[in-house]
Amino acid sequence: MQHSRPELPVNRRDQDRPVSRHHSASYYAHWVKESLTTRVSKLICSIFLGLLAIVGLITFILWLSLRPHRPHIFLNDFSIPALGHGDGGGGPENAHISFRVTARNSNQGIGIYYDASQVTVYYREKSVGGYQVSTTLYQQPKNSTLFASTLSGSSLTLTESQWKQMLHDRSRGAVIFRVELVSTIRFKISSWSSKHHRFHANCPAGLGQDGKLLPIYIDKRCSFYFY
């Protein structure tokens with residue numbers, strides 16, 4: 001009869017205890033080096049992104065302050081005195097058109113050159129006169145430039161039929177014209193000048209029975225096309 005040998009007790013704590021690994025000094029040195037490199041890289045990236053954000057903010061502020069705004073055009077006055085006479089003042093040959101158009105520069109620190117300007121008066125979408133400014137005009141910042149003239153003689157191209165139609169419109173309450181200002185401009189910032197830009201400004205002008213501009217059209221801002 002064989003007797004079974006008693007089993008020795010097994011210490012479960014020894015089985016569950018993780019095996020300790022011993023690393024060399026070179027391993028720890030490499031780990032510390034990689035950790036420092038990662039931290040330095042993150043610090044450099046943070047500084048770079050911070051500087052980039054500051055530069056971007058400064059650039060945006062400068063762009064807002066130096067961005068040129070187009071001029072604002074207003075019709076101040078427009079009249080045909082002959083239309084105020086009951087008989088039409090003797091016809092188109094004795095008529096003349098007076099007008100004042102203001103171009104306002106609202107920019108702070110930015111001037112405007114008007115290299116060439118043309119003012120044309122239209123009645124029922126047909127030109128009845130105009131004049132041209134061939135000299136270059138410089139407009140200071142926060143300033144206004146006046147385009148004013150009196151059209152008569154060769155600068156006024158009114159026909160007899162157009163004049164009769166105007167008298168007919170007058171009898172019905174108002175005679176409607178359109179004043180168009182076309183110009184080529186450049187913006188001036190310190191010693192730098194921009195490229196040329198062209199604009200069209202259209203100003204409606206309604207005359208009453210006295211041949212003068214109706215109140216609703218006085219100093220009215222004109223529509224503006226800029227390219």
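A Cβ is built for glycine as well, from the same backbone N, Cα and C atoms used for every other residue.
Here is what TrEMBL records for this protein:
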REGION    1-21  region 'Disordered'
COMPBIAS  1-19  compositional bias 'Basic and acidic residues'
TRANSMEM  43-66  transmembrane segment
DOMAIN    101-202  domain 'Late embryogenesis abundant protein LEA-2 subgroup'
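According to DSSP, the domain 'Late embryogenesis abundant protein LEA-2 subgroup' (101-202) comprises 15 helix, 62 strand, 25 coil.
Confidence in the domain 'Late embryogenesis abundant protein LEA-2 subgroup' (101-202), given as mean pLDDT, stands at 94.
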